[in-house]
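**Student:** Supplied in C-alpha cells, the structure appears directly below.
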Amino acid sequence: MSPSAPSTPHGRGSGSEPGTPAPSVAAGGSYTIDDVVPGVKIYVIKPLSNGQAEQRRAEILSTRPKPKPSAFAPPPPPNAPSPDPRDDTEYYVHYVEFNKRLDEWVGGSRLVLSKEMEWPKSKDEPKKKDRPAKAQPSKAPSRATGSPIPSDSLLKKAANKAAMAAGKATPGKAMPSSKLGKASKIGKAGKFPQKRKAKTEADTEAEEESNEDNDALGEEEDMDEDGDVTLITSDGAIDPSREVVAAPSNPRAAPQVFSKKQEIEKLRTSGSMTQSHSEISRVKNLNKLQIGKHEVETWYFSPYPIEYAHLPVLYICEFCLLYYPSATQLRRHRAKCTLLHPPGNEIYRHEGISFFEIDGRKQRTWCRNLCLISKCFLDHKTLYYDVDPFLYYCMTVKDDYGCHLIGYFSKEKESAEGYNVACILTLPQHQRKGYGRLLIEFSYELSKVEGKLGSPEKPLSDLGLLGYRAYWQEKIVELLLDSDYEISLDEIAQKTSITHGDIMHTCQALQMIKYYKNSHIIHLTDAVIEQHKKTKAKPRRAINPAYLKWKPPVFSRAQLAFGF
C-alpha cells in the first residue's frame, strides 16, 4: 500500500485489476487520520489511573464533530494549552477484549497512526458465494436492455412474498400478524424452538411488555465479545445474509415493504429499542450523572431525550429523579421539590436502611425516571416506559436530609414463571458495600412471606450471577452445617425459598453433588466450608424479618389488564 495513496474503505478493492483482494491490514504510516472510519481497528492511547498511558487496540464504533462547550460549563483556565486540530473529530472506541463499560469518546490526537490499522471485513461478497440464489424460470418476456431489474408487478409480488415469509414463525403455515407477539413469548419461554424470522414492530412491542430485564441479565448471557448483549438471531433478529428485497425505481408506487438495509435503518431510528442493541445502543450518549453529591460515570446507552445527549454532566434530583442539563436548573428545582423519600409505602426500617414499595401504575413518572437511570448501568435492560405491570422495591439510607436511594429491584405483579425479581441494581456509588446482597436477601424474605419459591428472571448478567451465586452458596451451606439430620432438596427449598433449579445449579458449580450408594448426595468439601467461615467472619448487614411490615398485595383482574 503506497503512502501517497492511502487506502480507504471506499477505495479498497478498486485497484487496476478488478476482483483483486484488498489488504485487510494497513501498515503504520501508510494511512492518515482521514482514513479512520467506523469499523476499523486501531491502537488508541489510554491514560491509566497511575498517571501513565498504554496503547490499546480498539474498534471505532462511531465518529462525530467535537461538541461545542456547554453554555453552563466553566471557562477554560487562561494558561490552558491551545486545542489540537486533530481533536475536532471525536471517535467512539471499544477496547478489544475489554468490558464495554470502558467504551469512550476520544479525540483524534489519541489515535496511534504509527501502528497498523485493520480494515473492517467485507461481508457481502462471501455471503453471495455461500448462499447462491435459486434460479427461477421467469414467465415474463425478456427485455431488450438486459437489465436485471424486474417489472413493478413482479417486484411487488416478490416483495409481498418475502414479507409474508418473514412473518412466519415456523416453516409450516403462515401465522397472522396479530399472533406474532404471542408466538414470540412462547418461543422465549422455551415451549418450542423458534426459527429465525424478521421482527415487526408488533413483535417488539409485545416483547417489551413481557421483558423487564434483570440487572444481571445476560441474553443475553446474553453475552457478546465483552460480556454484554449480542444481536438477537435465534429470537428473531433480521439476518442480513438472507432474502434481500430490492427497492423499485418508483418508491411511491411500491408497497410498504422495506429492504433489509432499510428495515434495519428504520428500526435503528424509530423502532423499539429492544431491537437496537447493536446499533444506537452501542454508543454511549451520556458521560456522567450527578446524583446528589456523587458524580458517576455512565456505562451504557440510555434513551434520555436527544436534547440531553452528549452533555458533559446530566444533573439528577436524587429524590424525584427528574433530570436537568445544568446545576443551576437543578438548584432551582431543589428549592421547590418537597420529596424527601421514594413515593411509596415504607415496608421496612432497621439500622438506617429502609425499603419502599412503589406501584409502577400509580407512580409512572418516577418509575420511568428510575428505569432511565438504571439503563445507564444495565446493558440488557429493554423496558423503560411500560412500568405498570411492576412493583418497585427501593432501598434507601437515611440521614438528616432525607432517604437517599441506594438500589432497587423490580418484581412483576403476576409472574407466570414464578420470578421474584425482574430487574435488580445497586447504584455504582454504593457498590462493594454489601447492599447488593441486602437487595437479594430482601427479595427472598418477601417470597417467604408469600409462601412461594422465588428465582430471579433468567438469564443473569455476569455481575448478577456472581451476586446470586454467593447468596445461594451462603444460605445453602449455612443450612447444611446447622442441620443435625439428613435434609432433602425439598426441605432446603422450603426453608430458603430458593427454587430447586437454583439449588442444583449452586451445588453443581461448587462440585457438591456426589454419587454414593446408588443415590446422589450433597457433600460439603473442606474448601467450601473454609470459604463459608471466611465469609461469616466478615461484618455485614442482614435483613431482620421482625422489622418487615408487609402483606402480599392483591390485584384485581381489572388492575392487571395493562394497556387494554
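Cβ atoms here come from the backbone N, Cα and C positions, even for glycine.
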**Student:** Can you match one of Ser447, Ser461 to the acetyl-CoA site that Swiss-Prot gives for Ala422, Cys423, Ile424, Leu425, Thr426, Gln431, Arg432, Lys433, Gly434, Tyr435, Gly436, Arg437?
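**Tutor:** Answer, per Swiss-Prot (acetyl-CoA site with Ala422, Cys423, Ile424, Leu425, Thr426, Gln431, Arg432, Lys433, Gly434, Tyr435, Gly436, Arg437), from Ser447, Ser461: Ser461.
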**Student:** Which whole number is the mean pLDDT over the zinc finger (314-339)?
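**Tutor:** Averaged over the zinc finger (314-339), per-residue pLDDT gives 96.
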**Student:** Determine the minimum-neighbour residue: among Thr426, Ser461, listed as binding-site residues, which Cβ has the fewest other Cβ atoms within 10 angstroms?
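**Tutor:** Thr426, out of the binding-site residues Thr426, Ser461, has the fewest neighbouring Cβ atoms within 10 Å.
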**Student:** Going by DSSP, give the three-state secondary structure for Glu457 (active site, proton donor/acceptor).
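**Tutor:** DSSP assigns Glu457 (active site, proton donor/acceptor) to coil.
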**Student:** If you measure every Cα to Cα distance among Ala422, Cys423, Ile424, Leu425, Thr426, Gln431, Arg432, Lys433, Gly434, Tyr435, Gly436, Arg437, Ser461, the residues said to bind acetyl-CoA, what is the biggest one in Å?
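**Tutor:** Between the most distant Cα atoms of the acetyl-CoA site, 22 Å.
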**Student:** Fewest other Cβ atoms within 10 Å: which of the binding-site residues Ala422, Ile424 wins that one? Let me know.
**Tutor:** Ala422
**Student:** Hey, which bits of the same chain come close to the compositional bias 'Pro residues' (72-83), Cβ under 8 Å, at least six residues off its ends?
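**Tutor:** Tertiary neighbours of the compositional bias 'Pro residues' (72-83) are 312, 325-328.
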**Student:** Cβ under 8 Å, sequence separation of at least 6 from the ends of the zinc finger (314-339): give me the contacting residues as numbers and ranges.
**Tutor:** 70, 72, 286, 288-292, 304, 307-308, 366, 369-370, 372-373, 402, 404-405
